[in-house]
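Engineer: What follows is a structure written as structure tokens; I'll ask about it next.
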Amino acid sequence: MSCDRVTIKKKSYHFLFTFPHSFLHWFVGKCISQWLLPMTTSRPVAPTRIPGRYLSHQEGLPKLPVPSLQQTCERYLATLEPIVDEEELSHTKELLAEFQKAGGVGERLQKGLERRARKTENWLSDWWLTTAYLDYRMPVVVHSSPGVVLPRLEFSDRQGQMRFAAKLIAGVLDFKTMIDNETLPVEYLGGKQLCMNQYYQVLSSCRVPGLKRDSVVNHAHRSRPPTHITVVHNFQFFVLDVYNSDGTPLTVDQLYMQLEKVWSSSLQTNKEPIGILTSNQRNSWGKAYNNLIKDKTNKDSVRAIQKSIFTVCLDAPMPCVSDELYHSRAAVQMLHGGGSRWNSGNRWFDKTLQFIIGEDGSCGLMYEHAPAEGPPIVSLIDHVVEYTKKSEMVRTPMVPLPMPQKLRFNITPEIKKDIEKAKQNMNIMVHDLDVKVIVFSHFGKNVPKTHKMSPDAFIQMGLQLAYYRMYQRCCATYESASLRMFKLGRTDTIRSCSIDSANFVKAMDDPAKQKIEKVTLLEKAVKAHRAYTDMAIHGQAIDRHLLGLKLQAIEDLTSMPEIFMDTSYAVANHYNLSTSQVPAKTDCVMCFGPVAPDGYGVCYNPMAEHINFAVSAFNSCNETNATHMAQRLEEALLDMRMLLESTPKAKL
């Protein structure tokens, strides 16, 4: 699935990430407590939570609106125009006219939705969690969970790996302090406060498989919240307590020593990769899960992983590649681990947050998408990366620390069979996924801004042009828009393919068109994208509203309205381009798999003077090729810049 967009640049809208870089009060308190630590190995204690601030902020947020039925139907028709033929469009117009009749099925479903909106905190959020994630039966690997590639690290041995892992863990715990104290700075968009709920869902949480529907458990708000993380090395899982008996987090030196113990206790490379079970199709994993946890030892081990604050994966080196291919290879390592021969068994894919650190300097993370979109993840990444750059000033107390607990699994012949099947399926996915990461170094946000254009809209028009040049047609395009202006808001869809974008891409390579006309069409397409973005973030887009009407029909046990059985609806929801802008201060890139068998997944991080792109496709589709799409995208962006810079109007 696409990840939530994080930044929307408009004249009046600028999403601001703010971190309190000064944590003086906490730091001084930590220093004093570390010096005065008692010589004890008693049970770790979780830090004290300070309730109230988060709730008072949340209560002030508006509810997600239900758009008008007429507005959504009109806008739906406009989005169909560039992607369906005239005959299909004419048929859909008839269906929509019938659907909107006074006293008809559309009006009845609309009233049902409005009732739901009055009775609930957010009419969409529970439905979206269930339909987009928990009911989705494809593997979370490739098909749902994004990966993030962080800048390559300057080490190539286990000491460097352990030292960085220790710093990273300390950085995450530092961020967790702000969550526990409810001192995370509230984020704003266009002067309006944003919902912060997702920040409170990503730590100490985990997806749990079911036979037909999954669930998500969150242990952060329990009376005794978890005090441990899980560390996995050579397919072996360990519980590592990260807090002292007085509630202070372990220092970087203490964490390093504990990680060394984990490493030296897991040198065997012939262990069964129990974690690879989590990569399977969800119904298969649900069945294997029920079988696995019949054994009490297995059940306790699984629960320890699920309850942990997060997971750290200490990966074996991946195959060496050229510097040019490094980012692409790192992307697949973060997305799936490289296959059963490499690091795919060194994961628990249901865990919300897994930080991945390779012995060869590769670094990143993957996250399970159900609890949150991109912003809290990126916010956490930026904080942790900055933290790892700091020198360590806290003196490590000479306190004996307990040995990290190795989690045991009893592998029956049936479980062994499930593992072998999961290995086979994983290797098929690995061979099928084609990922190309490029650093577009010619320009970044600076060029579109010079021409008074939204960088995101400019990049999206580049994608439309690249796709049109490859296939001579326009396609349904998904770009994720945040609904966090509203309480418990998740996402809606920015439909980047519009009548205006279609007019631009068709004119761009038409020799009969003058440059000035092409520039005018590009400007119009960019403005249309900005207008749709604005509409989406204010809860007035069409896709979640249409989904709500469809789910209301299912809930009312009425026959499915014909507009949802229509060919146009199927075409509109077949996203050949699934895209997401995920900006970060860190020079990283997020990546995810396509959502259609013949589609592309495109994620990008626009920096000031360059853009990081990750493009994915499936090798099993002869029509798609990630490398070709990346090349066409690069050409399209350069041609658009040349058009603007060589046209007199653009220079005014």
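Going from the start of the chain as shown, residues are counted 1 onward.
Note that Cβ sites are derived from N, Cα and C of the backbone, with glycine treated the same way.
According to TrEMBL, the domain 'Choline/carnitine acyltransferase' annotation covers 64-635. If you look up TrEMBL, you'll see His369 marked as active site, proton acceptor. Residues or ranges marked as CoA binding site in TrEMBL: Lys445, Lys449, Thr450, His451, Lys452, Met453, Ser454, Pro455, Asp456, Ser482, Arg530, Gln581. Under the heading (R)-carnitine binding site, TrEMBL lists Tyr478, Ser480, Thr491.
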Engineer: For the (R)-carnitine binding site, please report the maximum Cα-Cα distance among Tyr478, Ser480, Thr491 in Å.
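Structural biologist: Farthest Cα pair among residues binding (R)-carnitine: 11 Å.
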Engineer: Grab the pLDDT values for the domain 'Choline/carnitine acyltransferase' (64-635) and give me their mean, rounded.
Structural biologist: 94
Engineer: Select the closest residue to Tyr478 ((R)-carnitine binding site) from the following recorded positions, measuring between CA atoms: His369, Lys445, Lys452, Arg530.
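Structural biologist: Minimum Cα distance from Tyr478 ((R)-carnitine binding site) across His369, Lys445, Lys452, Arg530 lands on Arg530.
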Engineer: Determine the minimum-neighbour residue: among Thr450, Ser454, Thr491, listed as binding-site residues, which Cβ has the fewest other Cβ atoms within 10 angstroms?
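Structural biologist: Lowest Cβ count within 10 Å among the binding-site residues (Thr450, Ser454, Thr491) is Thr450.
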Engineer: For the CoA binding site, please report the maximum Cα-Cα distance among Lys445, Lys449, Thr450, His451, Lys452, Met453, Ser454, Pro455, Asp456, Ser482, Arg530, Gln581 in Å.
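Structural biologist: The two farthest binding residues have Cα atoms 26 Å apart.
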Engineer: Whole-number answer please: how many Å between the C-alpha atoms of Arg530 (CoA binding site) and Thr491 ((R)-carnitine binding site)?
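Structural biologist: Arg530 (CoA binding site) to Thr491 ((R)-carnitine binding site), Cα-Cα distance: 17 Å.
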Engineer: For His369, Lys452, Arg530, listed as recorded positions, tell me which one has the smallest number of other Cβ atoms within 10 Å.
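Structural biologist: Fewest other Cβ atoms within 10 Å, among the recorded positions His369, Lys452, Arg530, is found for Lys452.
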Engineer: Using Cα coordinates, what distance in whole Å links Lys445 (CoA binding site) and Ser480 ((R)-carnitine binding site)?
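Structural biologist: So the alpha carbons of Lys445 (CoA binding site) and Ser480 ((R)-carnitine binding site) sit roughly 19 Å from each other.
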Engineer: CB neighbours of Lys445 (CoA binding site) within 10 A?
Structural biologist: 21
Engineer: Based on Cα distances to Ser454 (CoA binding site), point out the closest of the recorded positions His369, Ser480, Thr491.
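Structural biologist: Of the recorded positions His369, Ser480, Thr491, Ser480 has its Cα closest to that of Ser454 (CoA binding site).
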Engineer: Between Lys452 (CoA binding site) and Ser480 ((R)-carnitine binding site), find the distance joining the two CA atoms and give it rounded to the nearest Å.
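Structural biologist: Roughly 23 Å, rounded to the nearest whole number.
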Engineer: Please report the number of other Cβ atoms within 10 Å of the Cβ of Asp456 (CoA binding site).
Structural biologist: 27
Engineer: What number of additional C-beta atoms lies within 10 angstroms of the C-beta atom of Tyr478 ((R)-carnitine binding site)?
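Structural biologist: I get 25 for this one.
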Engineer: Could you check which of the recorded positions (His369, Thr450, Asp456) sits closest to Thr491 ((R)-carnitine binding site), going Cα to Cα?
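Structural biologist: Spatially nearest to Thr491 ((R)-carnitine binding site) by Cα position is His369.
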Engineer: What's the CA to CA span in angstrom from the residue listed as 'active site, proton acceptor' over to Ser480 ((R)-carnitine binding site)?
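Structural biologist: Their Cα atoms are separated by 13 Å.
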